[in-house]
Amino acid sequence: MPGPLRVLITGAAGQIAYNLSNMVANGNLFGKDQQIILHLLDIPEAKTVLDGVVMELQDCAFTVLAGIVPTHCLKEAFTDIDVALMVGAMPRKQGMERRDLLSSNVKIFKEQGEALDKYAKKTVKVLVVGNPANTNCLIMSKYAPSIPKENFTALTRLDHNRAIYQVAAKAGVPNTCVKNVCIWGNHSNKQFPDLSHAVVTKDGKQHPAKELINDEKWVKEVFIPCVQNRGAAVIGLRKLSRAASAAKAIVDQMRDWWFGTKEGEWVSMSVYSTGDHYGAPKDIYFSFPVTIKDGHYKVVDGLSMDEWSRSLFNLSADELVDEREVALASFK
């Protein structure tokens, strides 16, 4: 067996992390031959709950879990980690504006970015989940300048998975028969879920998803709003944020980043925008379709976009630029 990987999960006493830590410790992410040491970070006030999480992980007797480091200390949490799954963030409370949430959370991610820069391995792969994920990811990367911006991504796989399910259900096929949906832009209700280039395998043949579904009204009035607002819909029914689906998406995104995508398939990931792809603004974390090989992602270029699609793309891009400016202004 290779040496153990040190995997940090922040917000470790929360519901997403409760699901996620079990998936990682069970080998769902890095495989059954890779030993894991889990670093579990949360605030001191969550210590009792975190102790309970640790007890459950111990009681599972996972074969790949080589150690657990529960802590509220940033140095202990970030030292020598290989992977950071940044789940923890301040939740949006009643009466709180998006601007308030941004201001609170970017300060958390500034502090954690500084700790990452100081203590983590320079090869660390960072996946930001806590919202607003794209802008938190940008701030964290800015305060960890010794780590390449390509080593940071924000979670878009949950939106990607939601889109796959909706297309599969509409087409009457299993989820495994849908590939190459796109999520463009922000992880917010201004994201652009796009099935213009998606492919559905049905009756042994591959079909363009839009041609097979052949229902533009459904695409614009059902599919896109459903994916954009799915998180809020789950909260409305459960009275709790999505947890299991988010944990599964985190594992999916990091596993593909670690091991690579299948030939002929892409996935959606929020990555650093250099300004060279589809006219997306520079210096934001923006969701693109990507292929991945040997731990390195590559944006899929050359996909066509009509005028209506471009307007949705630009709407999400504008929101991310606005978020960036609000976030950076909070440090002045």
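Easy rule for this one: first residue shown is 1, then count along the chain.
Each Cβ is built from the backbone N, Cα and C atoms, and glycine gets one as well.
Look at Swiss-Prot and you will find HIS187 tagged as active site, proton acceptor. Sequence-distant neighbours of HIS187 (active site, proton acceptor) (same chain, six or more apart, CB under 8 Å from its CB) are ASN131, PRO132, ALA133, ASN134, ALA154, LEU155, THR156, LEU158, ASP159, SER270, SER287, listed in sequence order.
DSSP assigns GLN112 (NAD(+) binding site) to a helical segment in the three-state reduction. For GLN112 (NAD(+) binding site), the count of additional Cβ atoms within 10 Å of its Cβ stands at 27 [all protein chains shown]. Here Swiss-Prot flags GLY11, ALA12, ALA13, GLY14, GLN15, ILE16, ALA17, ASN105, GLN112, VAL129, GLY130, ASN131 as NAD(+) binding site, drawing on similarity to another entry.
The substrate binding site annotation in Swiss-Prot covers ARG92, ARG98, ASN131, ARG162.
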Using DSSP reduced to three states, classify GLY130 (NAD(+) binding site) as helix, strand or coil. coil
Reduce the DSSP letter at ALA13 (NAD(+) binding site) to three states and note it down. coil
Pairwise Cα distance maximum in Å, NAD(+)-binding residues per record: GLY11, ALA12, ALA13, GLY14, GLN15, ILE16, ALA17, ASN105, GLN112, VAL129, GLY130, ASN131: 21
Given the binding-site residues ALA13, ALA17, and counting only Cβ atoms in the protein chains shown, which has the most within 10 Å of its Cβ? ALA17
Across all protein chains in the structure, which of the binding-site residues GLN15, ASN131 has the highest Cβ count within 10 Å? ASN131
Using Cβ atoms only, which residues of the same chain lie under 8 Å from GLY11 (NAD(+) binding site) while being at least 6 residues apart in sequence? ALA17, LEU41, ASP42, VAL87, GLY88, ALA89, GLY130
